[in-house]
Amino acid sequence: MQMDVEPQVVLNSGRRMPVLGMGTATYPVPPDETITTAVIDAIGLGYRHLDTASVYGSERAVGRAIATALERGLIGSRDELFVTTKLWCTDMHADRVVPALQESLRTLGLEYIDLYLIHHPVRLKGEKRMVFTGEDVIPLDMPTVWEAMEKCQSLGLAKSIGVSNFTCKKIADLLNHARIPPAVNQVEVNPLWQQRKLRGFCSEKGIHVSAYSPLGAVGVLWGNIEYFDRAYFGNALMDVVSNHIGHGALGLR
């Protein structure tokens, strides 16, 4: 059964973003066919926001799903979809930002991305991989990286740009030199970690908060689960629902 027309929010870039997204992060990475089938099914059910990243290893499969959805008439045009992908930390250098996005576009088989995010506010050495340590971190020049992100938007390669896993301090520092402010900050938000301070700060700055792992990050490499308790989580979830604490945060599941 297809869900009703998905609600949307208007970003500070003027672009509309569906509030519910289909996330494609999983580890270990499954076969492309598995991801493609899941995304096609999601589109058939009514999902119009697809979230991927270069480090996820899912961009090719998402691109194939989009092409198949077009062939089957599940969508009338690519413009009906909102596609998000992300710049990985090994490409956090001014000279590598635009080429990294161009590579993602080739992998996806798309001409543009609706939203391009900095995945983490950190630069890494070595090969692209999800797992890293402090020894992999190298100096980062955020102002020049963000300038390159702005170039991605001015070139039309990305309709909106934003960040992920940024704290209030990181965003404040970014805004001191940004010509184009980030449209989105994608962070973990769930009933046990509601990120009230960060959500409030982003709201004041006109930055939309996008929530990943909205039901908790259990059994994955990412997420704040050290003190996760299923019974307590269930009670917290019911409190959120009963008190209608939505606050406009998009959810990726």
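Heads up, the Cβ atoms here are built off N, Cα and C, so glycines get one too.
Nobody curates TrEMBL annotations by hand; they come from automatic prediction.
These features come from TrEMBL:
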DOMAIN    20-221  domain 'NADP-dependent oxidoreductase'
ACT_SITE  Tyr56  active site, proton donor
SITE      Lys86  site 'Lowers pKa of active site Tyr'
BINDING   His119  substrate binding site
Cβ atoms near Lys86 (site 'Lowers pKa of active site Tyr') (within 10 Å, other residues, all chains): 29
Cα-to-Cα gap, His119 (substrate binding site) vs Tyr56 (active site, proton donor), nearest whole Å: 11
Distance [Cα-Cα, Å, rounded] between Lys86 (site 'Lowers pKa of active site Tyr') and the residue listed as 'active site, proton donor': 9
Set of same-chain residues at least 6 away whose C-beta sits under 8 angstroms from the residue listed as 'active site, proton donor': Thr24, Ala25, Thr26, Val29
Neighbour tally for His119 (substrate binding site), based on other Cβ positions within 10 Å of its Cβ: 20
